[in-house]
Amino acid sequence: MEKNTKECPKCKKKTANNSKSCSSCGLNLDSDENYIRAKEETNNGKDSFLSELNKIAGGSGKVELRLRDLVVNVFKKHTPEERENTFICGTAKTSPKEGEICSKWPKPWLFSRVFFLFAITFAGLVALLKIFENILAYPGIIFIGALIIPFSLLIFFWEVNAPRNINIFDVVKIFFFGGVFSLLITMILSRVVYVRNVDYIGSIMIGIIEESAKFIVVAYFLRGSKEKYILNGLLLGAAVGAGFAVFETAGYAFAYGFQIPTMMRIIYTRGILAFGGHIVWAAMYGAALVMVKEDNRLKFKYITNIKFLKYFIIAVALHAVWDMPISNTINLPIVQGILTIIAWIVILILISTGLKQISSLSYSNRI
């Protein structure tokens with residue numbers, strides 16, 4: 001029976017092969033022009049949400065998100081030589097020339113190996129504590145537990161940095177310095193603007209304070225003209241956000257984890273939620289800042305640029321709603337899950353925009 005039917009490209013309903021129009025929506029299937037137009041309308045409908053979000057954030061043009069490329073290499077076997085070649089990226093001898101930078105969607109994989117390395121280490125430390133009751137494993141559990149997701153995500157953003165112009169040492173340096181100094185600035189701002197309660201207003205104030213603190217540090221590392229690629233901003237923003245997330249989680253685990261179950265719950269919960277938190281929020285406005293300043297040195301006019309401010313406001317809004325005491329009937333972080341999805345859609349749009357920038361610059365160098 002299926003052989004004698006065809007699918008309407010507009011409503012996806014089955015209709016007879018010899019039908020000139022769809023029995024459900026009435027589309028004229030006898031005309032190739034109508035058929036093609038309906039198919040295009042269907043595809044455009046799928047992209048409408050992404051296009052609207054891109055417009056809100058100040059972007060333009062078609063958004064291409066190739067999620068499969070971001071995970072396809074994770075499940076493949078890789079040689080030690082591939083790993084070594086990845087880690088030596090970012091030096092004067094290994095960074096590609098502008099016209100040679102690949103503008104195709106990246107296929108990262110090393111981040112998954114870093115994750116498994118930390119996960120195995122964490123499991124070993126937990127075994128020391130629970131099986132052998134060795135309290136010396138306690139500090140290691142806190143630090144490695146806080147590090148697993150943020151640092152693995154940081155390696156992901158480092159692999160996504162197609163220009164390959166930032167080496168791993170600089171990334172780790174920004175991770176540590178950026179994390180510490182953004183926390184210090186947060187404490188200073190918190191003394192100036194005191195937040196009494198984490199209610200709805202308090203959550204908004206916390207979002208503004210913490211994102212402003214991280215932005216000051218991100219802006220410092222992006223102040224020069226060398227960091228001119230959007231993907232550079234994405235990476236350096238993620239580095240600062242990852243450092244902030246690790247030290248904050250370790251602090252919470254130490255301060256409130258007087259009992260092992262409580263400590264483990266803090267580490268697991270904050271580890272899972274790290275996917276949609278400080279790392280991606282800082283990555284957003286890091287990329288947006290480079291988007292507006294391009295290859296110029298940082299000036300105040302770029303910070304007040306409406307395109308940058310849109311991304312910064314998105315990050316602050318996501319952070320504020322994340323902290324709000326929104327209750328739900330089930331004891332699950334539903335709100336945070338939705339915010340994580342929104343944040344990653346924005347990140348993927350920025351990756352797409354960054355690759356378009358590279359493609360445009362490569363074309364300019366060839367003509």
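Quick reminder: no glycine exception, Cβ is built from N, Cα and C everywhere.
Residues or ranges marked as compositional bias 'Basic and acidic residues' by TrEMBL: 1-10.
The annotation region 'Disordered' is assigned in TrEMBL to 1-20.
What TrEMBL lists as transmembrane segment is 114-132 (among others).
Marked as transmembrane segment by TrEMBL: 138-160 (among others).
According to TrEMBL, the transmembrane segment annotation covers 172-194 (among others).
Taken from TrEMBL, the feature transmembrane segment applies to 200-222 (among others). Using a Cβ-Cβ cut-off under 8 Å and counting only residues 6 or more beyond its ends in the same chain, the transmembrane segment (200-222) has close neighbours at 174, 178, 181-183, 185-186, 188-190, 193, 232-233, 236-237, 239-241, 244, 278, 281-282, 285-286, 289-290, 293, 298, 303, 312, 315-325.
Within its own chain, the transmembrane segment (234-255) has Cβ neighbours under 8 Å at 142-143, 145-147, 150-151, 153-154, 157-158, 160-161, 166, 171, 174-180, 182-183, 210, 214, 217-218, 221-222, 227, 263, 266-267, 270-271, 274, 277-287, 289, 347, 350-351, 354, counting only residues six or more beyond its boundaries. Among the features that TrEMBL reports, transmembrane segment is placed at 234-255 (among others).
The annotation transmembrane segment is assigned in TrEMBL to 267-290 (among others). Remote same-chain residues near the transmembrane segment (267-290) are listed as 57-58, 141-142, 145-146, 148-150, 153-154, 157, 210-211, 214-215, 218-219, 222, 227-238, 240-242, 244-245, 248-249, 252-253, 257, 298, 302-303, 307-308, 310-312, 314-315, 318-319, 322, 333, 336-337, 339-341, 343-344, 346-347, 350, 353-354 (criterion: CB distance under 8 Å, separation of at least six residues from the stretch ends).
Annotated transmembrane segment per TrEMBL: 302-322 (among others), in sequence order. Long-range contacts of the transmembrane segment (302-322) within the same chain, counting only residues at least 6 positions beyond its ends with a Cβ under 8 Å from a Cβ of the stretch, are 56-58, 203-204, 206-208, 210-211, 215, 219, 276-277, 281-282, 284-285, 287-289, 291-293, 296, 335-336, 339, 342-343, 346.
Among residues of the same chain six or more beyond the transmembrane segment (334-355), those with a C-beta under 8 A of the stretch's C-beta atoms are 50, 53-54, 57, 59, 63-65, 67, 103-106, 160, 162, 229-231, 234, 273, 275-276, 280-281, 283-284, 287-288, 291, 311, 314, 318, 321-322, 324, 326, 328. Residues or ranges marked as transmembrane segment in TrEMBL: 334-355 (among others).
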